[in-house]
Amino acid sequence: MALPGGAAMNITIRLQFEKDIVSFSDIAAAIGKAGGDIVGIDVISSSKVHTVRDITVSALDTKQCDLIIEALKKIRGVKIVNVSDRTFLMHIGGKIETNSKIPVKTRDDLSRVYTPGVARVCTAIAEDPRKAYSLTIKRNTVAVVSDGTAVLGLGDIGPYAAMPVMEGKAMLFKEFAGVDAFPICLDTKDTEEIIQIVKAIAPAFGGINLEDISAPRCFEIEKRLKEELDIPVFHDDQHGTAVVLLAGLLNALKIVDKKLEDIKVVLTGIGAAGIACTKILLAAGVRNIIGVDRHGAIHRDETYENPYWQEYAQLTNPDNLKGSLSDVIAGADVFIGVSAPGILKVEDVKKMARDPIVFAMANPIPEIDPELAEPYVRVMATGRSDYPNQINNVLCFPGIFRGALDCRAREINEEMKLAAAKAIASVVTEDELNETYIIPSVFNSKVVERVRQAVVEAAYRTGVARKDNIPVGGYTGQ
């Protein structure tokens with residue numbers, strides 16, 4: 001999840017102003033002078049003396065909103081009736097609800113959907129648990145599980161504050177892929193307790209999406225759940241980012257005419273997303289990846305307390321380079337940032353190989369300002385929606401879960417992730433591909449179905465799909 005910005009800072013100001021004292025042009029001028037942009041005007045009421053209007057204003061941030069309101073307060077004859085943040089209005093009462101698929105209008109309806117008729121369905125599932133997939137919501141339902149410890153851009157804000165993010169995630173599952181998802185925010189940071197809770201609720205779900213759980217706990221939680229459950233478990237902060245990154249890189253390399261096996265990649269931020277990005281790149285065929293964290297390049301001559309870094313050192317940096325980001329980036333074809341704002345300098349970009357590719361994905365502020373980097377890079381991507389080539393997990397998780405659910409996959413394996421990345425990349429045609437369009441829009445209607453199909457094929461190919469014809473049971477007339 002990215003921090004709010006842009007259109008998310010729209011506010012609606014209800015103003016009452018006296019016609020004989022002030023004109024609307026005075027109001028518009030004050031808003032513009034304070035830095036606001038009027039995007040909508042609605043007349044609520046009008047009389048000989050007063051006019052009441054709702055003015056929707058776009059602002060950069062909350063400070064600018066305050067400046068706009070203060071400017072309006074200073075205008076004689078203007079009264080501020082109310083100020084509404086449109087983003088907050090969308091969240092009142094939560095963003096999702098449960099709907100019934102079958103109307104219950106008669107006693108007969110009631111007896112079939114609940115007692116006594118439901119007992120026959122329960123018995124059928126007890127006799128053959130596979131029928132849970134055909135007779136309950138399990139086959140199309142995903143749990144979005146978080147403890148609120150690593151909400152991107154906000155950090156450890158806890159389970160209550162994480163709920164709006166998880167509700168939003170559930171909405172996107174439904175809107176983009178028709179998957180019913182439910183947010184589950186846990187009031188515990190204990191790794192073992194989280195594992196046991198998720199295992200206990202798993203019978204109701206066809207998949208588990210782990211979200212915004214801090215590293216290194218997220219690695220152990222996902223690993224254990226994948227081992228102990230027979231449904232897909234997917235930590236989106238790791239693998240969703242990795243899949244979309246690879247999709248973008250595949251297309252970027254076409255533009256610069258380079259191959260995965262020949263490139264040098266420097267990656268900053270060896271946390272959950274950084275490690276997952278590295279692993280998918282290695283699986284795709286990249287041979288030379290150098291991971292850099294705050295202490296410099298990860299190399300084999302160092303003993304790290306973090307066991308994941310120790311493993312990382314064995315898998316990467318074939319030349320065992322040492323030093324800072326600035327030291328190791330010389331000659332790099334690709335920079336990938338999942339770290340912190342402003343750590344990549346223009347001087348670093350100048351040291352890179354010809355036609356450098358930069359994925360600066362820190363949110364809300366990338367590792368380098370795209371406008372500063374633009375003269376020196378061939379392809380630039382960020383995690384932001386206000387620049388071209390946004391690396392957005394929404395391109396991945398709806399389609400990858402849609403495919404996994406449709407074939408009843410036991411897991412989402414590396415081959416399925418690779419297939420998803422290639423499918424996303426394929427949505428951008430050869431005619432469309434250019435430096436500012438290496439990745440499709442999240443609203444491209446082809447994405448989910450293309451990913452779904454590729455994931456299903458990979459699941460069958462690797463033997464993790466279990467879709468078969470399960471008899472529903474009950475009287476069939478035969």
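Note that Cβ sites are derived from N, Cα and C of the backbone, with glycine treated the same way.
The annotation in Swiss-Prot ties I270, G271, A272, A273, N363 to NAD(+), and of the candidates under consideration, N251, N389, N393, the one tied to the same site is N393.
Annotated divalent metal cation binding in Swiss-Prot involves E211, D212 plus, out of the candidates D180, D237, D257, the residue D237. Within its own chain, N393 (NAD(+) binding site) has D236, D237, G240, T241, V244 as residues 6 or more apart in sequence whose C-beta sits under 8 angstroms from its own. Over all protein chains present, the Cβ of G271 (NAD(+) binding site) has 20 other Cβ atoms lying within 10 Å. I270 (NAD(+) binding site) carries neither a helix nor a strand DSSP state and counts as coil.
Counting Cβ atoms from all protein chains shown, E211 (divalent metal cation binding site) has 30 others lying within 10 Å of its own Cβ. Counting only the Cα atoms, the space from E211 (divalent metal cation binding site) to G271 (NAD(+) binding site) is about 14 angstrom. Under DSSP, the residues of the domain 'ACT' (12-86) split into helix, strand and coil as follows: 23 helix, 34 strand, 18 coil.
The two recorded residues, Y114 (active site, proton donor) and K169 (active site, proton acceptor), have Cα atoms 31 Å apart.
Between the CA atoms of A272 (NAD(+) binding site) and K169 (active site, proton acceptor) there is a gap of 19 Å.
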